[in-house]
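What TrEMBL shows for this protein is this:
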type	residues	note
DOMAIN	56-168	domain 'TMEM181 GOLD'
DOMAIN	201-466	domain 'Wntless-like transmembrane'
TRANSMEM	12-37	transmembrane segment
TRANSMEM	209-228	transmembrane segment
TRANSMEM	240-256	transmembrane segment
TRANSMEM	276-297	transmembrane segment
TRANSMEM	309-330	transmembrane segment
TRANSMEM	350-375	transmembrane segment
TRANSMEM	387-407	transmembrane segment
TRANSMEM	446-465	transmembrane segment
């Protein structure tokens, strides 16, 4: 491997390049476009303002969209009367949702759609009726997610929202029953409703497509060069690092997803599910590779049943669960406009506990392999070099991946909690109509750049050196070198002898 011929200068350049890729991707992500944009509409400012905000209807017209907007979220903040902020309410009511688009110019309508020729739009599906629970601990209630539309196939949409049965629940955080009995109308009085449309920024979509395309080209080139350099050697002569790198490179190629652009040309959920499948498979395979490496460096015989199968069982079950959940999530998002994954997935508590169990098992097994590898092999120079190189690169990519994961789901946690009200115009009156939400492009640029750089670094370090082919065919064979040695205790150390070897040299005159 080239690892054995690298000097400190080479290692310094390798890590400097690794850090440079991280810094460049971080800067590009921070100065790049925001992930989400939003438009805010107040119910009191609608052209056809309803007389009673408890019932509606609220006719909302979002801005024009393109296919590169990807998704659309509709949520609402309810502001009730400032009678007594200490009187918290838990309100149960029903929501009616209807989404319409302008009819096709050709007059050929999609089968199953409802056409109202007195209006200027066609309903995409029958009116949705679903119950919701609204928590109003203060004057401004928690954010209420009304719809999630994916994909965006039309330029203009019309949302019609109606409320039914907007009455106070029997459950209330206020301990004084007389307050609700004396002033029921004041407690349930809705002053205004803020509707928020959130949608993906087209500029972010372009950045994501470019990032995936560049990573796809670079990894394809590295894979061809790396596998081409190993083609001269038999597979049995490959080191375990070279074998796992040869497996990870095609998986990373699929992680960049050459089929990602299909989601912009089709309306089905399969391309999105396929993208989830590639991502989950790559991360599970990477975790499996780390187990195999730290255990495989200590052993020379690696039978499948005793070496690979136990590690596969630790990761195969979580992989199957995550793939099933991802496929279910993609299908529900594309078929049910009222499905909101952060809220729905919280109901699957047993699956979460199941995944935590296997995650804890993986951490325990990995820690055992890691400590035993360093305890047994760190005193050996070549093995210590292999351990330090693998551990340092893996540690860097793990830290970056965890930070990116936290940033990725920060917005969903904010949306679910009370901190989500900070994005409301009721709290920030100077907020513009189209401002960025809390997500950043860095979550995409950094994650893809670091994973690609990690595999490129492994391919460079573990690729065969220039003299590897010569050394593998003409190296010294210890068994042949020791053929004439003898361990006979009787003192006979010479087995092959001749008289010619004992003849003294004569001087020629």
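Cβ atoms here come from the backbone N, Cα and C positions, even for glycine.
Unlike curated entries, TrEMBL annotations are predicted automatically.
What does the local environment look like for each feature on the list?
Distant neighbours of the transmembrane segment (209-228): 245-246, 249-250, 252-253, 256-258, 260-261, 444-445, 448-449, 452, 455-456, 459, 463; these residues of the same chain sit at least 6 beyond its ends, with a Cβ under 8 Å from one of its Cβ atoms.
If one looks beyond the transmembrane segment (240-256) by at least 6 residues along the same chain, the residues whose Cβ comes under 8 Å of a Cβ in the stretch are 1, 212, 215-216, 219-220, 222-223, 226-227, 230, 278-279, 281-282, 285-286, 289, 292-293, 296-297, 302, 386, 390, 448, 451-452, 455, 458-459, 462-464.
Using a Cβ-Cβ cut-off under 8 Å and counting only residues 6 or more beyond its ends in the same chain, the transmembrane segment (309-330) has close neighbours at 269-270, 272-273, 276-277, 280-281, 284, 287-288, 291-292, 295, 341, 345, 348, 351, 354-355, 358-359, 361-362, 365.
Long-range Cβ contacts of the transmembrane segment (387-407) within its own chain (Cβ-Cβ under 8 Å, at least 6 residues beyond either end) map to 3, 11, 15, 18, 22, 241, 290, 293-294, 297, 370, 373-374, 377-378, 439-440, 442-443, 446-447, 450-451, 454, 457-458, 461.
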Against which stretches of its own chain does the transmembrane segment (350-375) lie, if we need a Cβ under 8 Å and a gap of at least six residues from its ends?
287, 290-291, 294-295, 297-298, 311, 314-315, 317-318, 321-322, 325, 387, 391
